[in-house]
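TrEMBL has this to say about the protein:
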- 511-522: compositional bias 'Pro residues' (COMPBIAS)
- 76-79: disulfide bond (DISULFID)
- 422-425: disulfide bond (DISULFID)
- 32-157: domain 'Thioredoxin' (DOMAIN)
- 358-500: domain 'Thioredoxin' (DOMAIN)
- 496-522: region 'Disordered' (REGION)
- 1-17: signal peptide (SIGNAL)
């Protein structure tokens, strides 16, 4: 019957004034309509998580004051990994009798919902409060069960604890390694409201507030002050609120990120997320072997030096025989190189090497300051060039040979920057080799590649793999980033057309010469 109905609609559509459709499209639309007709507004669960769609979404919002919804795609690997953690978080919240509920939407099937809420990537999590459909809150917590539970707890309950006497404050301060207490003479002030705003977002730290005169006196305060109470480093740090400027939310949030970390962190699987999410622009790393008692003593001077740069440079100890062994290749190091020091500029991964043998706190401070002042050149990795690097159809470049080849004014040089482990690079390897064969006898065209994990360049930053750059012949040190199809024929069109395709004008920029060198001779 459905089949007959579809055929009837297909034939009669134009007669009845509707748009003419191809049979396959009509069938698909009718099947989708049939499926929609079967869905109701009843709320069903899968692993304790509400299964939401266009027909029951409004019902779910009316039933649950706090509804965290995951918009996912069935084929998305990140979504698949999140699923068990999401279900575990739902179970934990339910066992706590929390008002928070978790739901999920297959955004590839429920396209109307995906469009309504602007879903462009997976998974995307949004929190709906009190049935409000128009202004959901973006999820900002960790993508694991504990992170989801903490984030929802903070949203379900008060973001701060009111401390009314000394006993309550003492008990609260002892609950975790770091707690934050805002002392405000007026809890309705703008500064207090800014404090509440940050407390609602930062879910891993307990926040307390106090306005009782007894507590101001107990903690030696006379003005509105934010106090960080820590079971590490200096124990307590006070930040008086500027009465003229008030409390800036952005500055306070960054201050919290900085002081939630120890002055010197050890790089482990447990601390790596904290280290990289701190948004501190420079990291100073001490690589040592913890099994060596002589090397362990170096941490003392490292700790002393760190105090002068808090918030600007994060000091990190890396055990070359422990978790830190995994990052050694990124720095071109082996365990035998310990002890050694490196400073990393996080915005571009530029690395700076301290050459001094002495690891005194004064020497470390001087080195860090010189890097911050721009007085130290970055330490660039370079592999040794293979003996036949320039006789292959695809030339093999390394850091040491890149300049002379890429900026040869008589050649048009097309370079693939790759990572050996990158599956996308592996997929296009055959096409790149074929391209090299095709142009190996051209005097003015060079096809080349460089392992960007083993070689670094001062003025060319590679942010993803593979990256393809075209360096045209002539003066000016120009570079064109190739962003088109990765097949031999499109590569050839690009080369034959002088580094451009008709469909997309190239984005051309100039690359400055390395420090200490002027422009190439004309």
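Keep in mind that glycine also has a Cβ here, set from the backbone N, Cα and C atoms.
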| request: Show which residues of the chain containing residue 422 (disulfide bond), separated from it by at least 6 in sequence, have their CB under 8 Å from its CB. | output: 465, 466
| request: Return the residues near residue 79 (disulfide bond), defined as same-chain residues 6+ apart in sequence whose C-beta is under 8 angstroms from its C-beta, sorted by sequence, else 'none'. | output: 70, 72, 73, 122, 123
| task | Please compare the disulfide-bonded residues 76, 425 by how many other CB atoms fall within 10 Å of each one's CB, and tell me which has the fewest. | result | 76
| note | In DSSP terms, the domain 'Thioredoxin' (358-500) comprises 46 helix, 27 strand, 70 coil
| said: As a test of reading the model: what is the averaged pLDDT for the domain 'Thioredoxin' (358-500)? | reply: 93
| query | Rounded to an integer, what is the Cα-Cα distance in Å between residue 76 (disulfide bond) and residue 425 (disulfide bond)? | reply | 21
| note | What DSSP reports for the domain 'Thioredoxin' (32-157) is 51 helix, 29 strand, 46 coil
